[in-house]
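S.K.: The FAD binding site annotation in Swiss-Prot covers 9, 10, 11, 12, 13, 14. Annotation source Swiss-Prot lists NAD(+) binding site at 289-303.
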C-alpha cells in the first residue's frame, strides 16, 4: 500500500498535518493508536490563551482547522489581557472536550484523499537516508517517501502516580515504544521530557457556593474568520454538532461559567508532608517538566513563601458533570490527592473521577530539524508537536500544519513554506526550536516575539491568508472576502492619515461631542482617533464613508491609528533586518578571526559556508547575536 504522505498520531499536530496534506491533493494516511481519540484534549479543556490565541488565529489564516472546531465546541469565550495593549491580548475558549473530539474526527472522516488506520507504528523504513515507508504492529508495511511523526506524549510514555508506574501514552491507551527505538536507530539526538495533569472531579460533589464565579465575555468573539464571515454556510454543515449558532446562523454561544478557588496552608502542609512519596522528588521521574505549568507539589516546593495558589475550576463538557482543576497538576499518590483536595475550599466532599498523573516521554532535539520541520539527517521525515520539545495543543497544531504543508509542497516540487519571525508567531516558534533547541517543554509567549505590534491576533488573517490561498488551503471566495476587508480597512486608515481637521469652532464642537481632546493646530484624523479616549464606534461619526464599516474593521483601524508610529518603527526595523540578511558573505572571509563568535558557531559556518547572512541565520545554533557580529565584521571587511 503506497501513500504520498503518512502521518503517525491523531492529536492536534497530526490532525492539522493530515488535513493540510490531503486538502493539498496528497494521498494521505493517518495511523493512530485509537481512532475514537482523534482530537482528544489530553489535559485542559481549553484552546487559546496568551500567545496561544495568536497561534490559533494564524493556523486559521493559513487554512487550518483548530479555530473552526473551537468555535463549534466552545462553551466559554474570553479575551485575556483586555486592559493591556492589542499586541498582548489573547483569545481563550473553554471547550466541550467530547464535542471537539467528535467534530474533528468527523472532519477527517469526510476529507477526500485521507484514510485512517487504527494501528501502532513500530518501525520507520529508510534507504540511503530517504524515507521509504513505515511498518506497524500488525505487520503491515505502508510505502511513502514523506512521513510526519506527531506522537505527543505516546513516544515511550511512562505514567507516574506516586510509586506506581505504567507504560502508556495517556491513561488507558497504549504507548509507542518500538517507534522511539526506531528513531534512535536513525541517529537522531533524543531526550526525555515530562508533563502532567490534574484530578477531574464529579460536579455533584463540589460546593459551588464557596467558589468565585468566572463568567465569559458578554460578547463572544470567534476564533475563525470562517465563523465571522461565512457563519451561515458553516452552520449548515455542522448543525447537528454545535449549538453555538442561533436560528439566523449567527455565532451566539451559550456560555457556561468557570470558577476559582485557592489552596491554603493546610493544603500545602499535606503536600509537604508527602514530599517523600512524590516521584518528582524521589528520583523516580527523570524527564524535565514545563517551567510555566508546574505541578502543585513543585509550586509548593519552589514558592514556599506563598500561602495560597489559584485553582481554576473548569467544566469539561457542556453538561458540566465533570470539572478540571487547573493548577492542581500532580503525580502524588492517589490517597494524597484525595487528602489535599478535601482541604481546598468548596472541595471538602469532592469525589475524584479521574486521578492526576505525570507522564514522561521521549522527544527529538529540535536542532535536528530544518525550518521546514524536515529532519536534516533523513530526507522526507518530518516531526511536529511534543516530539519537538513543545508543550500545548496550539504549539502542536501550528507545527503539524507547517509539516503537512511542506510535505505536500515537496511532492509538488515547490519550496517549503518558512514563516519569518516578523511574519508570524509560528515563525518565532519554529525558529526558536530549530536554532536554539530546548531542554524543557517549550511554550509560546508574546515576549518571545520581537515584532509583537506587527503580529497581533486581529491582523493574523491579513498577514497570512495570502500564503494559505497560494498553497490551496484558503478558497478563492474566502480570499476575495478577506482581501475586500483588508482593502476596506486600508481605505479607512488612508482617509484618517490624509485628512486634516482645523481647530475652528465647528470642529472643536465636533471633537467635544466625540469625547476627543481639543486641538490648537491642524491635526490629522489619525492622531485624533489615536488619542487615548477615542473608541472604535466613534469613527463612524467622523465621516459617512465609515457608516458601513463592520465593528471588526473599525477596531482594526483604531488599533492601527493608536499605534501608528510604533508600528511604522517596527516595519522599518523589519526592512533593515531584511536588507541585512541579504548581505553577501565574502568567500575569502576567515570566520576564525571574528572575535565574539563561539568555536561551535565558527565550526558550523566553516562547515556550511553560507553565501548570505540569511543562509547563515538558517543554520541551527547560529544565534541572532552571531548574525549581528557577522554583519558588523563584513562591513568592516569590505571597507578595508
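Positions of Cβ are set from backbone N, Cα and C atoms, glycine also.
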S.K.: Looking at the binding-site residues 293, 297, 299, 301, 303, which has the shortest Cα distance to residue 9 (FAD binding site)?
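M.R.: With Cα distances computed to residue 9 (FAD binding site), the winner among 293, 297, 299, 301, 303 is 293.
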S.K.: Let me check the 10 A CB neighbour count of residue 293 (NAD(+) binding site). How many other CB atoms are there?
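M.R.: Result for residue 293 (NAD(+) binding site): 18 other Cβ atoms within 10 Å.
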S.K.: Under a three-state reduction of DSSP output, how is residue 14 (FAD binding site) classified: helix, strand, or coil?
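M.R.: Assignment for residue 14 (FAD binding site) reads helix.
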S.K.: Give the sequence-ordered set of same-chain residues, not counting 9, 10, 11, 12, 13, 14, with Cβ within 8 Å of the centre of the Cβ atoms defining the FAD site.
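M.R.: Near the FAD site, the remaining chain residues are 7, 15, 16, 17, 32, 38, 150, 151, 152, 385, 396, 400.
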S.K.: Highest Cβ count within 10 Å among the binding-site residues 295, 301: which residue is it?
M.R.: 295
S.K.: Return one of helix, strand or coil for residue 301 (NAD(+) binding site), based on DSSP.
M.R.: helix
S.K.: Could you measure between residue 10 (FAD binding site) and residue 297 (NAD(+) binding site) for me? Cα positions, answer in whole angstrom.
M.R.: 31
S.K.: Would you mind pulling the DSSP three-state label for residue 289 (NAD(+) binding site)?
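M.R.: Coil, per DSSP.
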S.K.: What does DSSP assign residue 9 (FAD binding site), in three states?
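M.R.: Going by the DSSP assignment, residue 9 (FAD binding site) belongs to neither helix nor strand, so it counts as coil.
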